[in-house]
Amino acid sequence: MHERRLNILLRPAALLYGLVAAVRNALFDRGMLKAWKSPIPVVSIGNLTAGGTGKTPLVDWVLKYYLSIGCRPAVVSRGYGRRSKGVQLVSDGRNILLGSTRSGDETAMLAANNPEAVVVVAEQRSEGVQFIMERFRGERPDVIILDDAFQHRQLARDLDIVVINSREPFAAAKMLPEGRLREPKSGIGRADVAVLSKITDESKADAIEAELTGSVALVARTRVVIGELSPFGPKGRSTAPHPDPAGLKALAFAGIASPASFVESLMKKGVHVVEQRFFRDHEPYTLNNFLPLVEEARRKGLTLVTTEKDRYRLEGEPGLLEKTEGVGCCCLNIATGFTRGAEKLQEMLKAVVRD
């Protein structure tokens, strides 16, 4: 009943949000608002809904693909959760220059996992691209990947990829703030590629694909590739080898949009999740919210287990990990794998830099 009343209160704001988004899209579609065309090829990876689609692992996959074929890619991201403003150079492709507090947790993770890529954060993606063109004038990247930029239409793109969470593909078709849609569902028609993520029901994925057929050139499907548990701790303290996940007793914690997927992945690895504690997506860790986790884990003999992006957020906060003396900490590494459409997507990505 409370949720229903809240939805009724939020509905006028959602209607206004949807109207503004629709008018804005119409102005771009009719050429009344112009998009700036970068001389460097641009690939955009985004979504229709707010949070929790598996977009960041796909950005990582695309980065690694371009590096594997000898290209020099760059990423421009907003840098959600960062404590900095304007355009910031996170990595120049040789050295990582900023930590997670000034770059954002996801951006810090992308830079660390792809050290040869240029990584920039900017509220306005076009400003980030222009910065790259000036800063790397003599050695410009071959391609720029826009992270979470489907709605950022001021910057033209050569390939538009939208990630769709197949568990809740269009978040019950309700606009923000009543639901999670950032724009009307019809916006999917601007995309070249739709990537279905978090598939648990193939028949539901089939139905989504059938609905999208004709609107996009390719509908691809992904799966979560569950990696190792990687131990971490304060700099200078030796960490234990990779723990055996089978039977590991854990206090699982994270500040992400879809914590249920994280817990499911831990359980698939054989981790015994004894306790769970979750925070808002990108919420900063402080002594006030992290120390209770450490104390509970120490008291109950549990290992602290979190996500890779939460690890980078923790490592960016001076002094926090020093409080974990006597308590094991590790993060679960995940990646994107494809069950359908990988080769076709690679062809499309290659065509962007070839043309």
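Each residue, glycine too, has its Cβ placed from N, Cα and C.
As written in Swiss-Prot, here are the features:
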BINDING   THR49, ALA50, GLY51, GLY52, THR53, GLY54, LYS55, THR56  ATP binding site
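The ATP site, placed at the center of the C-beta atoms of THR49, ALA50, GLY51, GLY52, THR53, GLY54, LYS55, THR56, has further neighbours from the same chain whose C-beta lies within 8 angstroms: ASN47, VAL163, ASN165, ALA257, SER258.
A count of other CB atoms within 10 A of each Cβ picks out GLY52 as the most crowded of the binding-site residues GLY51, GLY52. DSSP assigns THR56 (ATP binding site) to a helical segment in the three-state reduction.
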